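Participant: So that we are looking at the same thing, I have put the structure below in C-alpha cells.
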C-alpha cells in the first residue's frame, strides 16, 4: 500500500531530478515516469481511476517540443500529486473484518462494552443516544465519525450543527472509551469503530440480550464534517413514505430495512419541534388521545426552539395513568424497563400512537405496512433483522477518494485540537 513515506521519497527523488535535469534527455524523463507509474499502480485501490495517468504517459511519448526542464517539472508534479491522492484513497479503502484488533489492541471490545454498560446504568438514556449515533454518523458520509467533530475556526458548520442532529448524545461515552484505548493502544482504534462497537453493546443491553451481532471493524476517521451533508442525507421526521424510500435507496437500503431501522424508535426521546406537525394532525393519522398527550407534554400546539420540551419516543414509557386517561382502550406493551429495545414500536404504529409523521407514513404503503404488521407479530425476527440492518449500516463507506486517519481525539481532526 502506498503510504505518505512513499510520497516523501518521491518528492525527494523529484527534487534531485529537477536539480540535475540538464543531464537528462526527454526519453529518460519518460522512463522515470513509466517506472514510477508501473511500480505504484499495482498498489492503488480499484476505486481509483488510473486512466488520466495513462493519458499523460501517452502524451509524454508523443510530445517532442517541450524542454527537458518543463517536462521534468510536469512529470514530478503529476507523480507526487497522483501518489499523494492514492495514499489518501488507499487509507480510506480498508477491508472490515470481525476481530480486527485482536493482535493490535487486546480486549478492545470488552473495554468498550464495560464503559457502555456502566454509562447506561448511570443514565439509561445514553443507550438510545449511542444507537442513534451510529445511524446519524453512517448515513451521512459513511461510518467515519464525522458526526463527532466539533465546531472549530477551520469549520464553523460541522454535522453537529445541523437541525437534524438536535439532541444527539452519547459523545461523552465515545470520548471516555477513546481516552482509555489511547492510553492502552495509542493511535490504533478509530473513533468510527468505537461508535459501531458502542451501538452494538447498547443495543444488546437495552434489549436484554435480544439484539446481538458481531461487529466488523477497520474503519478510519474522516476529516470532513459539514452540516449541509447531514441536512441532505438524514431523513426528515416529517417525511412522507415516497421521500423516505428514496432516501434509503440512495444508501442501498430496501423498504423492509427502512421499516426495520425505524424500530429503533422504541427507545429514546425527541424534541417537540421535531414532531410539531403531529400536534395538529387529523384523527386519520394519529390516535386523538395520544395527540392530546403530546400537546400537553409540549405545552401547546406550537412549540418553539425557545420552549422545546423533550418527550419520550415510546408511549409505553409515558406515565401509565396519564396514558390510561387519554387512551382508555390502548393496551401498552409490558414495560420491562424504560428504553427497552423491542418490537413495541410496531404495535404502537398500528395503533397510530407514534411520535413522528415519518413513523406513521410507513402505514401508507402496502409493502411497508406489511412489514410493520410482520414485526409486530414476531419480536424475535425483528431482533435478528435489526442486528443485520445495523451491520449493513455500519459498513457504509466514506465517499470515494476520502482521506482517513486514526484520530487522537474524537472531537477534532489530527493536528487541530481545541
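For all residues, glycine too, the Cβ spot is worked out from N, Cα and C.
Keep in mind that this is a model prediction, so the values were computed, not measured.
Taken from TrEMBL, the feature active site, proton acceptor applies to 136. Residues annotated as Ca(2+) 1 binding site in TrEMBL: 137, 140, 142, 144, 146, 159. As annotated by TrEMBL, substrate binding site applies to 235. Sequence annotations record features per position, and here TrEMBL assigns heme b binding site to 265. Taken from TrEMBL, the feature Ca(2+) 2 binding site covers 319, 342. If you look up TrEMBL, you'll see 105-185, 138-143, 191-410, 272-298 marked as disulfide bond. Positions annotated as domain 'Plant heme peroxidase family profile' by TrEMBL: 95-414. The site 'Transition state stabilizer' feature in TrEMBL is assigned to 132.
Context for these features, please: burial, neighbours, distances.
Facilitator: Around residue 136 (active site, proton acceptor), the C-beta neighbours below 8 angstroms that are at least 6 residues distant in the chain are 147, 159, 164, 165, 168, 230, 234.
Of all Cβ atoms in the shown protein chains, 22 besides its own fall within 10 Å of the Cβ of residue 142 (Ca(2+) 1 binding site).
Note on residue 235 (substrate binding site): other Cβ atoms within 10 Å of its Cβ, all shown chains, come to 19.
Mapped onto three states, the DSSP output places residue 265 (heme b binding site) in helix.
Counting only same-chain residues six or more apart in sequence, none has a Cβ lying under 8 angstroms from the Cβ of residue 319 (Ca(2+) 2 binding site). Classification of residue 319 (Ca(2+) 2 binding site) by DSSP places it in coil, neither helical nor stranded.
Under 8 Å, Cβ to Cβ, and six or more positions away along its own chain, residue 185 (disulfide bond) finds 101, 104, 105, 108.
Every protein chain considered, the tally of other Cβ atoms within 10 Å of the Cβ of residue 138 (disulfide bond) stands at 28.
In this view, residue 410 (disulfide bond) is surrounded by 23 other Cβ atoms within 10 Å of its Cβ, with every protein chain counted.
Counted within 10 Å of its Cβ, the other Cβ atoms near residue 298 (disulfide bond) come to 22, all protein chains included.
Annotation note: residue 132 (site 'Transition state stabilizer') sits in a helical segment as assigned by DSSP. Remark: residue 132 (site 'Transition state stabilizer') has 168, 169, 170, 264, 268 as non-local neighbours, by Cβ distance under 8 Å and separation of at least 6 in sequence.
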Participant: Are there any residues at least 6 positions away along the chain from residue 272 (disulfide bond) with a Cβ closer than 8 Å to its Cβ? List them or say none.
Facilitator: 279, 294, 297, 298, 299, 303, 308, 309, 310, 311
Participant: Among all the protein chains here, how many other CB atoms are within 10 A of the CB of residue 140 (Ca(2+) 1 binding site)?
Facilitator: 27
Participant: In whole Å, note down how far the CA of residue 137 (Ca(2+) 1 binding site) lies from the CA of residue 235 (substrate binding site).
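Facilitator: Residue 137 (Ca(2+) 1 binding site) has its Cα 13 Å from the Cα of residue 235 (substrate binding site).
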Participant: Looking at the binding-site residues 146, 265, 342, which ones sit with their CA no more than 10 Å from the CA of residue 138 (disulfide bond)?
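Facilitator: So the list reads 146.
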Participant: Could you check the disulfide-bonded residues 105, 143, 191 and say which one's CB has the most other CB atoms within 10 Å?
Facilitator: 191
